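J.: What Swiss-Prot records for Gly2 is N-myristoyl glycine. As annotated by Swiss-Prot, region 'Interaction with host AP3D1' applies to 12-19, with the evidence given as similarity to another entry. As annotated by Swiss-Prot, motif 'Nuclear export signal' applies to 16-22. As annotated by Swiss-Prot, region 'PPIA/CYPA-binding loop' applies to 223-231, with the evidence given as similarity to another entry. Annotation comment: Swiss-Prot describes 396-413, 417-434 as zinc finger. Residues or ranges marked as asymmetric dimethylarginine in Swiss-Prot (evidence: similarity to another entry): Arg415. What Swiss-Prot records for 473-486 is compositional bias 'Basic and acidic residues'. Per Swiss-Prot, the feature motif 'LYPX(n)L motif' maps to 488-497.
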Amino acid sequence: MGARASVLSGGKLDAWEKIRLRPGGKKKYRLKHLVWASRELERFALNPGLLETGEGCQQIMEQLQSTLKTGSEEIKSLYNTVATLYCVHQRIDVKDTKEALDKIEEIQNKSRQKTQQAAAAQQAAAATKNSSSVSQNYPIVQNAQGQMIHQAISPRTLNAWVKVIEEKAFSPEVIPMFSALSEGATPQDLNMMLNIVGGHQAAMQMLKDTINEEAADWDRVHPVHAGPIPPGQMREPRGSDIAGTTSTLQEQIGWMTSNPPIPVGDIYKRWIILGLNKIVRMYSPVSILDIRQGPKEPFRDYVDRFFKTLRAEQATQEVKNWMTETLLVQNANPDCKTILKALGPGATLEEMMTACQGVGGPSHKARVLAEAMSQATNSTAAIMMQRGNFKGQKRIKCFNCGKEGHLARNCRAPRKKGCWKCGKEGHQMKDCTERQANFLGKIWPSHKGRPGNFLQSRPEPTAPPAESFGFGEEIKPSQKQEQKDKELYPLASLKSLFGNDQLSQ
């Protein structure tokens with residue numbers, strides 16, 4: 001064990017025992033880890049003596065690095081231990097195993113970049129040496145004998161084009177994909193790319209019609225010169241030659257490599273892209289004017305839909321810029337539109353997306369609701385004050401001095417004698433009879449009797465009094481009393497109807 005533990009000594013051993021096994025952990029490296037690493041190296045048939053130097057640790061890491069992805073946890077632990085030991089040998093200050101691995105990866109990346117730069121320099125030198133004999137204008141290249149030859153489009157490129165059509169159909173991103181895959185292609189290569197499209201034959205027929213129209217325009221603008229063709233010169237291409245239907249591959253190569261060149265491949269490619277634009281427009285029937293942000297749609301998703309539809313629009317770049325500046329703000333939802341208008345017309349797309357981030361979320365809804373409730377409360381209070389329905393706080397009034405702002409028990413004025421309501425002495429205000437009458441003109445509550453809004457007595461049904469024709473009759477005292485009662489209560493008796501009651505006599 002002593003021989004195995006003698007890998008480090010002195011200051012290196014102190015530095016080794018200060019390194020933690022894990023970031024933020026309590027355990028640190030000890031001599032037992034070196035002993036374990038030596039035994040593992042012997043088990044894997046590696047020389048444990050390599051641990052004594054930094055170069056030896058580097059060799060061990062190169063051997064173990066290829067097995068890290070498929071190796072066991074013991075191999076990974078051994079690699080981490082050797083990497084940490086390498087940092088100790090190289091005097092690289094690290095605090096834990098993860099930091100040591102990061103340092104090792106950084107060193108390896110720098111070494112790899114230097115190797116790549118050296119290889120690139122060698123390739124550039126070789127290309128410069130052979131540039132006089134070989135042309136790299138793919139797919140038309142010049143061989144060592146100085147002849148211009150054609151290299152067909154690779155099956156991988158054709159397969160990528162077919163997958164794009166199958167997955168994307170004719171969405172706007174198909175056009176830049178076609179442009180990238182057909183870079184430098186001849187008309188024959190372009191026709192091959194169009195012929196391998198199995199489905200979407202209606203779209204292919206539309207594309208053929210567009211190509212025929214453009215070929216006819218080319219023939220109209222570039223008429224054939226009269227007379228024979230001078231010897232050594234090639235004939236001028238017609239529209240059908242550019243489309244690759246009446247020209248051979250050698251003629252196409254000759255036009256593209258002549259001096260001055262006639263880029264029949266680029267011209268044909270431009271016609272195809274024009275037809276693809278029409279097809280994309282047909283497969284994307286949604287107009288840019290119909291792209292509107294939903295009430296709960298995030299602004300980022302709305303911008304994605306907007307620009308995806310904008311790519312399918314057949315318009316110049318100036319018109320598309322105007323659509324972006326105008327319609328993007330105009331078709332946003334009310335919340336985002338308020339924010340975008342506050343930014344001003346010169347705001348960039350990044351500023352717009354940053355300002356509208358989070359619009360429609362819970363926090364934004366809560367803030368908008370709070371503002372709306374605050375505005376509603378303020379407007380209601382203003383309306384009540386305008387109508388005169390708003391009553392301020394009722395101020396208290398002192399019954400002693402008659403002033404407002406304090407109660408009678410807190411009044412500093414001399415104590416008023418008697419009732420505080422009528423000013424008379426002998427009773428208090430609670431017993432004062434001079435109170436405000438109710439709507440019937442009665443003082444309520446009364447001490448006796450029924451309430452003022454009830455009848456105080458029930459009248460009995462009566463008849464009119466009988467007429468008296470007693471000439472010179474003597475009136476008895478009882479008759480006088482009855483006559484007096486009749487005068488006071490004319491309806492309180494029925495004697496006028498039934499005469500003298502026998503029971504009452």
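Glycine too: its Cβ is placed from the backbone N, Cα and C atoms.
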J.: Can you tell me which parts of the same chain pack against the motif 'Nuclear export signal' (16-22), counting only residues 6+ beyond its ends and a CB-CB cutoff under 8 A?
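T.: For the motif 'Nuclear export signal' (16-22), the sequence-distant neighbours (Cβ-Cβ under 8 Å, at least 6 residues beyond its ends) are 8, 28-30, 34, 84-85, 88, 94-98, 100.
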J.: Would you mind checking how many other C-beta atoms are within 10 angstroms of the C-beta on the residue listed as 'asymmetric dimethylarginine'?
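T.: The Cβ of the residue listed as 'asymmetric dimethylarginine' has 7 Cβ neighbours within 10 Å.
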J.: Kindly state the mean pLDDT of the motif 'LYPX(n)L motif' (488-497) in the predicted structure.
T.: 53
J.: Sort the residues of the motif 'Nuclear export signal' (16-22) into helix, strand and coil with DSSP and give the three counts.
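T.: For that range the per-state counts are 1 helix, 1 strand, 5 coil.
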J.: Using DSSP, break the zinc finger (417-434) down into helix, strand and coil residues and give each count.
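T.: Summed over the zinc finger (417-434), the classes give 3 helix, 0 strand, 15 coil.
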J.: Where DSSP helix means H, G or I and strand means E or B, what are the helix, strand and coil counts for the region 'PPIA/CYPA-binding loop' (223-231)?
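T.: In the region 'PPIA/CYPA-binding loop' (223-231), the DSSP-based counts are 0 helix, 0 strand, 9 coil.
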J.: For the residue listed as 'asymmetric dimethylarginine', which DSSP three-state class applies?
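T.: It is coil.
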